[in-house]
Every structure is written in C-alpha cells, then in structure tokens.
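J.: Take a look at this one; I'll ask things after.
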Amino acid sequence: MDTSETGASVQVLGVIGRKIKKGAPTKRSKNLRKKKAIEKAISLSEKSEEKVLKNENKSSRTQSAKRFFYSFLVHVQMAGGAAVVSSSSSSSSSMTALVIFASLVAACGGLMLGYDIGISGGVTAMSSFLQPFFPDVYRKEQGIVSSNQYCKFDSHKLTFFTSSLYLAALLVQWPASYSTSKHGRKLSIIIGAVIFLLGAAFNAAAIHVAMLYIGRLLLGLGSLNTIFQLMITIGILVANLVNYATNKIQGGWGWRLSLGLAAVPAAIVLLGSISLPDTPNSMIQRGASEEDVKKNLQRIRGTEDVHEEYQDLCDACANATKAANNNNNNKLAIFQRKYVPQMVMTFLIPFFQQLTGINVIMFYAPVLFQTLGFGNDASLMSAVITGLVNVAATGVAFLVVDRYGRRPLFLEGGLQMLLSQVIIGSLIWKVFGVAGVASVSKGYAYGIVALICVYVAGFAWSWGPLGWLVPSEIFPLEIRSTGQGINATINMLMTFVIGQVFLSLLCTTKFGLFFIFAFFVLSMTLFVAFFLPETKGIPIEDMSKVWSQHWFWRRFVPSEDSTRRVEMV
C-alpha cells in the first residue's frame with residue numbers, strides 16, 4: 001500500500017481517539033466507540049489499499065504492454081538497420097508516429113528476406129517453372145525419366161538458384177558494413193532496396209536461367225541489412241501463401257508473379273527510407289552539428305527536451321569509436337586466450353544453427369512434401385501450415401525468453417527437434433526404404449507433416465531467435481563488431497552450403513539424412529548443456545565473471561582477483 005494512504009489511516013485513528021477522550025464517557029462506551037472507530041479506520045484503510053492496488057495493477061499492465069510494444073519496435077529497428085530512436089532510459093517522451101513508421105519500414109526489410117527464402121521453394125515445385133529453366137528436373141518430376149522419390153529434384157543448377165542469395169550476402173557483408181559506418185544507415189538501406197528491386201525485376205522477367213541467377217544474387221546483395229527473426233518468419237509465411245495462390249493461375253505464368261512480388265516490401269523500404277530522417281547516432285559519428293542532431297532527435301521524440309539523450313548518444317558514440325579504433329588496431333583480438341569462450345561461441349552457434357536442417361525445410365518445403373508423395377497443391381498448402389507454425393512459435397520465443405532464460409529454451413527446443421527428426425526419418429525409412437518407391441496414404445503423410453511442424457516449432461522458439469540473440473549478449477565492446485561479423489559470416493556460409501548440397505544429400509543418403517541432422521541436433525544440445533552459461537539479465541560488462549566461474553571456461557578467462565594481483569605486481 002502507498003505510504004500516503006498509510007499516513008491517512010493513522011491520522012484518522014488519531015482524530016477519532018482524541019474525540020473519544022474529550023467526552024469522558026463510561027469505560028464500556030469508551031471501549032465500544034473506540035472499537036467502532038478502529039473498525040471504521042481499518043475499513044477505510046482496506047478500501048484505500050484496494051483502490052491503490054487496483055490502480056497499480058492497471059498501471060502495471062499498461063506499462064508492461066507499452067514496454068513489450070516498445071521493445072518489439074526497437075528490435076525491429078535495430079535488426080532492420082533503420083533505428084531512429086535510442087532506448088535511453090533518460091528520455092521521457094512517448095512513442096511518436098515517426099518511430100512507429102520507421103519500425104514498420106524496418107519490419108518490411110525482414111519481410112524482404114523472409115519472402116525471398118520462402119518463395120524459392122514454392123516456385124521450384126511448379127512444373128511451369130521447371131520446364132523452361134530446369135528441364136532435367138521437370139522430366140524426372142513428371143516421370144518421363146525414371147527416378148526414385150529421393151532423387152527427383154537432385155540438381156546443382158536448381159539448388160544454386162536457391163542458395164545463390166546467401167553467397168551474395170556472404171561476399172558483400174564486410175564491404176556493406178564499412179559503407180554503413182562511413183556513409184550512414186539510411187543511404188545503405190536505400191541502395192539495398194534499389195538492388196533488391198532490380199533482383200525482383202530480373203527474376204520476374206527471366207527468359208534464361210542466367211537471369212534467374214543474376215536476380216537471386218542481386219536479391220542477396222539487397223537483403224543483407226535485414227536480420228529480424230520474427231519478420232523473416234512472417235515473410236516466409238506470406239511467400240508460401242503467394243505460391244499457393246499463384247500455382248492456380250492458368251497459363252503457367254504464376255511463378256513470375258511470385259518472384260516479382262518480392263518488389264513490394266522492397267518498394268516500401270525504399271520509399272519509406274527516403275522519407276525517414278537519418279539515425280541520430282549515425283549523424284554524430286559522421287560529424288553532424290549539435291544543432292542538426294538535436295533537431296532530428298526532437299522530431300523523432302516529439303519533445304524539445306532532448307539534451308540529456310543527446311549527451312548519452314555522444315558518450316555512446318565516443319565509446320563505440322574508441323572500441324572500433326582498438327579493433328582496427330588489432331582485428332585479431334578475438335583470438336586472444338581470454339576471449340576463447342566468445343570465439344568458440346561465435347563459430348559454433350551459427351554453425352550448429354544451420355546444421356539443425358531448418359533452412360532446407362524452409363527452402364524446399366514444397367519440394368520435400370512432393371518427395372513424400374503430396375500433389376502440387378497439397379505440398380504448397382503443407383508449406384503454408386509449417387509457415388504458420390514457424391511464425392507462432394517465434395512469437396512465443398519473444399514472449400518467454402526473458403522469463404525462462406536462454407538455456408532452457410535451447411535445451412527444450414533441441415530435445416523436441418531431436419525426437420521429431422528421428423521419428424520422421426524412421427517413418428520415411430519404413431515406407432520408402434532404400435529404393436525410394438512407394439505410395440503413401442493420406443493419414444501417414446499428414447502424420448509426417450505434423451511431425452515436421454513439431455520440429456519447426458522446436459527450432460522457432462529456440463535456435464532460431466537465440467542463434468542471433470546469445471552471440472549479441474556475450475561480446476565485450478572491444479571485440480563486438482568483429483564477433484558479430486564472424487557470427488553473420490558463418491551463418492551465411494553454412495546456409496549457402498546446406499542449401500546447395502541438400503537435394504544431393506537427400507538423393508545419396510535418402511532417409512538417413514534426417515538421422516544425420518538428428519545427430520547434429522544431439523551434439524549441439526549437449527554442447528549447450530555443458531558449455532553455454534545462462535546469459536539472461538547479465539550485462540555485457542559482467543560476462544567475464546560468468547566465464548571465469550564456469551567449470552570449463554575458467555581455465556581460459558582469469559578471475560577479477562587474479563587480474564588485480566597481476567596489476568599490483
């Protein structure tokens with residue numbers, strides 16, 4: 001209860017007590033009146049307390065909703081590279097329309113990449129697309145050339161159409177990072193959106209397979225700045241829905257519409273970025289005047305009082321510049337002995353994330369379902385279902401990750417993926433065997449779809465978002481940019497490799513491929529159980545204490561006491 005309410009109750013008791021004393025009543029009436037007065041005061045106090053608690057609960061619920069919404073927007077902006085606000089606690093301003101608009105523009109960046117991931121698998125399952133560009137695959141898919149189910153879509157040319165996006169993103173990542181720091185985020189986002197539009201145009205107008213490759217490479221160059229897991233999953237779902245609809249278009253040009261619609265989120269990002277102000281921290285880093293930066297902050301925040309936040313941004317930029325200079329002077333600092341835990345995590349977390357096999361499900365879901373005996377429409381609809389599960393489970397992760405922590409989600413998701421992979425592999429083994437020729441009942445096929453949904457959900461609330469979140473929480477300032485760059489590079493490299501070899505591996509290892517992925521899921525789950533400490537609620541500057549107290553990593557990271565002793569000597 002609020003202290004002012006408590007004080008009011010005490011005053012009431014005091015006044016009543018004084019009134020009782022004045023009249024000098026009998027002892028019995030005195031006690032009776034005193035008892036009634038106390039009961040009345042207690043009743044008043046309880047009502048006041050109930051009112052305060054009711055207001056506090058209402059306020060708490062409102063503030064929690066606001067914090068969740070604000071956190072959501074900040075995550076979107078940061079991931080999209082278009083943040084126009086800081087999360088400074090010193091700011092008293094409210095969420096402005098400009099901030100919401102910037103968040104939506106940045107969210108479309110995630111949709112760009114997600115749509116592009118999901119769209120490729122759908123069009124590669126369309127006969128009207130395969131016949132002109134990949135005739136060998138078309139003949140096997142139609143049964144003109146004999147082939148078992150495992151090998152129907154085995155083609156390096158076909159897989160390169162899908163995986164080339166990540167090859168382009170891998171090659172341009174470091175130059176793009178330098179360009180962003182040199183010229184600001186706004187310009188890099190505009191250039192990326194223009195390149196993405198060109199890629200969509202090339203793909204939609206393709207008359208030769210080379211045009212498809214050029215279009216995909218351009219899409220990869222343009223979508224580099226868009227890493228936000230929830231928006232990516234929504235983009236994949238939208239792509240699956242579009243594929244399902246365009247597959248029904250008569251005339252065989254539906255795939256052109258599917259590929260061309262990638263231009264829609266890119267156009268939104270382009271037009272939105274042109275109308276948005278540059279980020280205040282980017283302006284400070286590039287030497288803009290105090291007056292210009294403050295005007296920008298005032299526009300963003302919707303208040304004139306931005307001096308304190310401006311000082312916070314200046315301090316943060318100064319620290320970032322100092323760290324960047326130190327990093328430039330020693331780019332190999334991350335390989336120092338005291339950073340061994342971070343170095344291991346920045347390599348193995350993205351490495352394991354892709355070896356779950358999730359991207360082959362997202363890339364080739366319709367192809368995989370056709371391999372399992374589904375018809376064209378049924379395979380596309382099954383991909384829509386897995387896309388819905390993916391979005392819902394990713395949303396769950398954002399709601400519970402700060403309540404339960406990172407390790408429990410990693411471990412539960414790993415166990416869920418492991419069991420579902422083993423059961424899926426066993427069911428496919430039982431039906432298709434090694435020959436890869438069989439007819440599958442509807443009930444059996446739907447059971448496999450359900451298990452794939454369980455697998456997708458396990459990834460989406462564990463290794464999906466946490467594969468990006470945890471590395472961002474463990475790097476100290478002096479190796480932060482290098483560590484995050486390596487993390488993204490390993491992720492893009494592994495995504496390209498897995499996307500390129502999956503269909504060949506499916507043809508070669510058959511049902512065994514699911515057991516291979518299950519083995520890696522088991523390995524990564526054990527790795528988390530023994531070697532990854534909990535990072536929930538731990539400031540970056542305190543992570544060294546966590547490593548120094550860990551049963552394994554303490555042999556590499558000195559404790560603070562030993563560090564002080566060395567400094568004293």
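Glycine too: its Cβ is placed from the backbone N, Cα and C atoms.
As annotated by TrEMBL, domain 'Major facilitator superfamily (MFS) profile' applies to 102-536. The transmembrane segment annotation in TrEMBL covers 68-89, 95-115, 158-176, 188-214, 226-245, 257-276, 344-367, 379-401, 444-464, 485-505, 511-532.
What does the local environment look like for each feature on the list?
T.: Within its own chain, the transmembrane segment (188-214) is flanked in space by residues 80-82, 109, 112, 133-134, 157, 160-161, 164, 176, 179-180, 220-225, 256-257, 259-263, 266-267, 269-270, 273-274, which lie at least six positions past its ends and keep a Cβ under 8 Å from the stretch.
Listed by sequence, the residues of this chain that lie at least six past the ends of the transmembrane segment (226-245) yet keep a Cβ under 8 A from its Cβ atoms are 75-76, 79-81, 106-119, 121-123, 125-126, 254, 257-258, 261, 265, 362, 365-366, 377, 380-381, 383-384, 386-388, 390-391, 394-395, 397-398, 460, 464-465, 468, 488.
Same-chain neighbours of the transmembrane segment (511-532): 344-345, 348, 352, 355-357, 406-407, 410-411, 414-415, 417-418, 421-422, 424-426, 428-429, 432-433, 463, 470, 502, 505, 550, 552-553, counting only residues six or more beyond its ends whose CB sits under 8 Å from a CB of the stretch.
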J.: Considering only Cβ pairs within less than 8 angstroms, which of the stretches 257-276, 344-367, 379-401, 444-464, 485-505 has the most against the transmembrane segment (158-176)?
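T.: By Cβ pairs under 8 Å, 485-505 leads among 257-276, 344-367, 379-401, 444-464, 485-505.
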J.: Short question: most Cβ pairs under 8 Å with the transmembrane segment (485-505), which of 257-276, 344-367, 379-401, 444-464?
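T.: Out of the listed stretches, 344-367 contacts the transmembrane segment (485-505) most.
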J.: Which stretch, 257-276, 344-367, 444-464, tops the Cβ pairs under 8 Å count with the transmembrane segment (379-401)?
T.: 444-464
